[in-house]
């Protein structure tokens with residue numbers, strides 16, 4: 001992979017929650033997005049420019065549904081077939097779906113239903129879990145700290161997960177933030193995150209096979225990982241053609257596991273066209289993030305994707321983002337590292353970069369590489385400034 005040289009990113013600080021930086025129009029902080037669905041028109045901060053707003057979608061994305069049960073069964077032919085499906089999809093656009101994943105269907109339904117129950121609460125109750133800008137956990141309406149001048153038509157609830165703690169961190173978060181009445185909901189999401197973590201490690205084994213790298217490298221790399229769980233709610237929209245549920249972006253994380261309900265909305269940019277991804281009953285969508293793109297030495301792609309909304313039906317999805325431990329050094333396995341296309345970095349480095357210089361495009365890793373190791377002239381100028389200060 002030959003790295004391109006993007007325009008250097010401009011410094012960006014996340015604006016305060018429920019604000020609209022640069023638009024001159026305050027976001028409707030007193031209302032949740034779901035409270036706006038009965039309005040005849042969407043508020044101006046939610047309108048996306050014509051170049052970004054929803055054009056007519058192309059044909060559905062040709063995405064394999066991979067049977068990951070073959071990893072448990074030891075079916076050699078099935079393993080070869082699954083590895084080939086994953087390799088072809090990840091080298092092209094980074095998306096595939098998995099079936100026979102072992103996640104309990106009743107648990108998945110309970111997790112989706114829990115999202116519905118939370119987002120239907122009065123705004124005052126939801127705001128008890130209000131997310132503080134710069135942190136992972138909490139509730140946002142329109143996710144305004146990320147897409148400030150073009151608000152997405154959605155609400156989210158996010159929380160961190162790791163299985164190294166003595167106490168169940170997700171269950172404790174719900175009880176401590178929302179109160180003891182939410183303890184049952186917290187237990188559902190604690191169990192769901194535990195199953196997502198196990199599924200993510202299974203997928204890492206499949207990625208190892210598909211890349212032909214050292215067995216156990218990726219599974220061990222993420223064994224003590226941290227993760228982010230996000231519940232997404234997209235209310236019906238009076239003008240769906242003028243806004244987006246989630247703007248075009250690449251995930252900076254390693255891997256995303258997405259559970260959709262039966263309402264479509266996910267789209268992936270392939271060959272300049274937005275291609276929809278229809279929900280497959282019982283399957284989950286997997287996509288490669290920027291961190292795994294670096295771990296594969298650029299062989300597997302982290303691609304732009306987005307979510308569209310509709311006028312009639314609400315949509316729910318659950319996204320589990322697998323992240324390395326903050327101090328883990330991200331580098332490809334030795335068999336895939338010659339030549340190494342990206343410098344070594346830690347997840348903390350990448351998070352710091354995305355928070356300061358957010359770029360919703362496919363060149364994030366190239367821009368990040370320049371940020372880590374600027375050209376010699378820039379480095380010399382920086383050194384002079386630091387010496388004079």
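A Cβ is built for glycine as well, from the same backbone N, Cα and C atoms used for every other residue.
In sequence order, 232, 233, 234, 245, 260, 261, 263, 264, 265, 307, 309 make up the list of same-chain residues 6 or more apart from residue 315 (active site) whose Cβ falls under 8 Å from its Cβ. If you look up Swiss-Prot, you'll see 315 marked as active site, on the strength of sequence analysis.
Sequence annotations record features per position, and here Swiss-Prot assigns Fe cation binding site to 249, 251, 305 based on sequence analysis. Secondary structure at residue 305 (Fe cation binding site), as computed by DSSP, is strand. Counting every protein chain shown, 26 other Cβ atoms lie within 10 Å of the Cβ of residue 305 (Fe cation binding site).
Summarising the annotation, Swiss-Prot assigns compositional bias 'Pro residues' to 1-17.
Summarising model confidence by region, the domain 'Fe2OG dioxygenase' (224-324) averages a pLDDT of 95. Marked as domain 'Fe2OG dioxygenase' by Swiss-Prot on the basis of sequence analysis: 224-324.
The region 'Disordered' annotation in Swiss-Prot covers 1-23.
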Message: Within 10 Å of its Cβ, which one of these binding-site residues (249, 251) has the largest number of other Cβ atoms?
response: 251
Message: Helix, strand or coil by DSSP: which one applies to residue 249 (Fe cation binding site)?
response: strand
Query: Hey, does DSSP put residue 315 (active site) in a helix, a strand, or just coil?
result: strand
